[in-house]
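Enquirer: If you look up Swiss-Prot, you'll see 1-42, 84-117, 447-493 marked as region 'Disordered'. Feature annotation from Swiss-Prot assigns N-myristoyl glycine to G2. The phosphothreonine annotation in Swiss-Prot covers T131, T306, T310, T315. Annotated ATP binding site per Swiss-Prot: L148, G149, E150, G151, G152, F153, G154, C155, V156, K180, in sequence order, evidence recorded as sequence analysis. Annotation comment: Swiss-Prot describes S279, S309 as phosphoserine. Here Swiss-Prot flags 450-475 as compositional bias 'Polar residues'.
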Amino acid sequence: MGLDAVKAKGNWKSEKPKETENKNHKKKNGDDNKSRNEEEEEGEASGCWVKFRFMIGCIPSKSDLDASSSSIYGSNCTVTTMESKSANEKSNDQPVGQVSSTTTTSNAESSSSTPVISEELNISSHLRKFTFNDLKLSTRNFRPESLLGEGGFGCVFKGWIEENGTAPVKPGTGLTVAVKTLNPDGLQGHKEWLAEINFLGNLLHPNLVKLVGYCIEDDQRLLVYEFMPRGSLENHLFRRSLPLPWSIRMKIALGAAKGLSFLHEEALKPVIYRDFKTSNILLDADYNAKLSDFGLAKDAPDEGKTHVSTRVMGTYGYAAPEYVMTGHLTSKSDVYSFGVVLLEMLTGRRSMDKNRPNGEHNLVEWARPHLLDKRRFYRLLDPRLEGHFSIKGAQKVTQLAAQCLSRDPKIRPKMSDVVEALKPLPHLKDMASSSYYFQTMQAERLKNGSGRSQGFGSRNGQHQPVFRTLSSPHGSSPYRHQIPSPKPKGATT
């Protein structure tokens, strides 16, 4: 199930149409060039890079690739970068240990847009194999209206297929799916695609997004996922005007915890997720949480070993400090990231937000003094909840977040213990708005002229700096880019 034993070779390239160099070219060549130019004009007319850029970027041009595949329905729109990006691609990402606005590019793995791939696919028997034409028709020819989102590495489209087959069906019927494409301009996207199919294709759990199938046809690589109609947790917490109700937040926290617990303690081969964050938690129609995007997932260390040494990857603000400092990855790194997300759900604040006052940019550092102080914990609560939260539940969440965010990874709880702690919280009815304490506290703050602003976050502004930036328009899966930090000596990827 790992990425190490691999054996399918092919050249992976994407070429833009070339202009005619000689007016006396044969008629056949002239017709070919004319056809390519018509495709370009059609793409520009669409008002979106879907037609032209999609055909040249999202969907690779024909080449000699035999076996490979593409796309991730998760934090990015096509395949995300794992160790590097193609040399000609710009990035807004940054290493996990640094916060800067400088643009960084890494080509540690690939310095060409036509890398030679040599990897092994471990495709599960339950996955459906689609033809490219099936997916083209299911998404209505990849038209802009079907576009769920786009990112630096490709696009995600909404499609409809047979309930138990691969044939396309009329929109609104059959099974709704998300079809993700792979931009072939770099080895890293392919590596993350391999991780996605090798992990998510072999892991089945109610709290993991289901991989329905794949397409490997010439140099076309696409992946097909179950459609998640409510999009990402990030979208609901930070991009919508109506606040997410407390009980729903707790339901989502519990579901996400169950997903991590399965990966760490129940999977046949334990897995470290390595990229747990709000944008990778997708929601179905009933707000059931499912983890998406396994592009950075790693096999847990073998028995007798304490950690995996690897290049630091992920999103700034979520990565555990010991992992950032040493590159030593353990399941407790995921537990720390869970604590950050729990804090985001509690406060309504992003893990990193430079639009906030000095001292409040980093959510964890700002929140630490309040986490274990019963007199100050109320300052953490999302003001948009307006007292519609369980007092006991909020106290339990702050305690749990403090444990998960411990600087000593050995003190952090196992995810199975987190699940047990969260189970009762969605059903608690002791709303703060009806308590004398909360009403008195609110009155005192108003009297002091602090209103909601003291310790409470307003609506968040720009997204935090990341090595993989994210967005989730139209309920689609989020997108991200990432930038690796220097690789530790002897580390693997």
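Each Cβ is built from the backbone N, Cα and C atoms, and glycine gets one as well.
Not measured: the values here are computed from a predicted model.
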Enquirer: Whole-number Å only: compute the distance from the Cα of V156 (ATP binding site) to the Cα of S279 (phosphoserine).
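Expert: On Cα coordinates alone, these residues lie 15 Å apart.
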Enquirer: Counting Cβ atoms within 10 Å across all protein chains shown, which of the modified residues S309, T310 comes out on top?
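Expert: Result for the most crowded candidate: T310.
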Enquirer: Nearest of the recorded positions to S279 (phosphoserine) by CA-CA distance, picking from T131, L148, T310, T315?
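Expert: For S279 (phosphoserine), the spatially nearest of the recorded positions is T315.
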Enquirer: Compile a sequence-ordered list of residues in the same chain as T131 (phosphothreonine), six or more apart from it, whose Cβ lies below 8 A from its Cβ; state 'none' when nothing qualifies.
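Expert: Residues satisfying the criterion: T166, C215, E217.
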Enquirer: What is the Cβ neighbour count of L148 (ATP binding site) at a 10 Å cut-off, with all protein chains included?
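Expert: Total other Cβ atoms inside 10 Å, all chains included: 24.
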Enquirer: Please classify the secondary structure at T315 (phosphothreonine) using three-state DSSP.
Expert: coil
Enquirer: Hey, how far is T315 (phosphothreonine) from L148 (ATP binding site), Cα to Cα, in Å?
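Expert: About 22 Å separates the two Cα atoms.
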